[in-house]
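Engineer: Below you will find the structure I want to go over with you.
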């Protein structure tokens with residue numbers, strides 16, 4: 001669906017198993033659009049994290065200059 005296509009993650013952690021088990025550990029006011037189990041802390045603004053695991057990482061949400069420096 002479109003939710004998976006629009007989902008993004010800046011910080012994705014994967015195990016070294018084959019296939020890998022990956023989880024997005026971004027913390028924000030909402031979870032990404034494809035998240036099924038989103039846990040939010042009752043704070044203002046809320047701090048939400050997705051606890052789904054996949055065999056892949058979603059694309060990055062932000063292409064910051066810092067990330068570009070690391071790639072070069």
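Any Cβ shown, glycine's included, is placed from N, Cα and C.
Swiss-Prot lists these features:
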DISULFID  8-61  disulfide bond
DISULFID  9-24  disulfide bond
DISULFID  12-57  disulfide bond
DISULFID  14-22  disulfide bond
DISULFID  31-38  disulfide bond
DISULFID  35-50  disulfide bond
DISULFID  40-48  disulfide bond
Engineer: Long-range neighbours only, meaning 6 or more apart in sequence with Cβ under 8 Å: which ones does residue 22 (disulfide bond) have?
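Structural biologist: Spatial neighbours, sequence-distant, of residue 22 (disulfide bond): 12, 13, 14, 15, 53, 54, 55, 56, 57.
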Engineer: Of the disulfide-bonded residues 31, 38, 40, 48, 61, which one sits closest to residue 9 (disulfide bond) when you measure Cα to Cα?
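Structural biologist: Result: the closest of the disulfide-bonded residues to residue 9 (disulfide bond) is 61.
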Engineer: Using C-alpha positions only, work out which of the disulfide-bonded residues 8, 24, 48, 50, 61 is nearest to residue 38 (disulfide bond).
Structural biologist: 50
Engineer: Give the sequence-ordered list of residues that share a chain with residue 48 (disulfide bond), lie 6 or more positions from it, and have CB atoms under 8 Å from its CB.
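Structural biologist: Set apart from residue 48 (disulfide bond) by at least 6 residues yet with Cβ under 8 Å, we have 27, 28, 29, 30, 31, 38, 39, 40, 41.
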Engineer: Going by Cα-Cα distance, which of the disulfide-bonded residues (8, 35, 50, 61) sits nearest to residue 24 (disulfide bond)?
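Structural biologist: Nearest in space to residue 24 (disulfide bond), counting only the disulfide-bonded residues, is 50.
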Engineer: Specify the secondary structure state of residue 35 (disulfide bond) as given by DSSP, simplified to three classes.
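Structural biologist: It is coil.
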Engineer: Near residue 35 (disulfide bond), which residues of its own chain have a C-beta under 8 A away, given they sit six or more steps off in sequence?
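Structural biologist: In sequence order, 7, 24, 50, 52 meet the Cβ cut-off.
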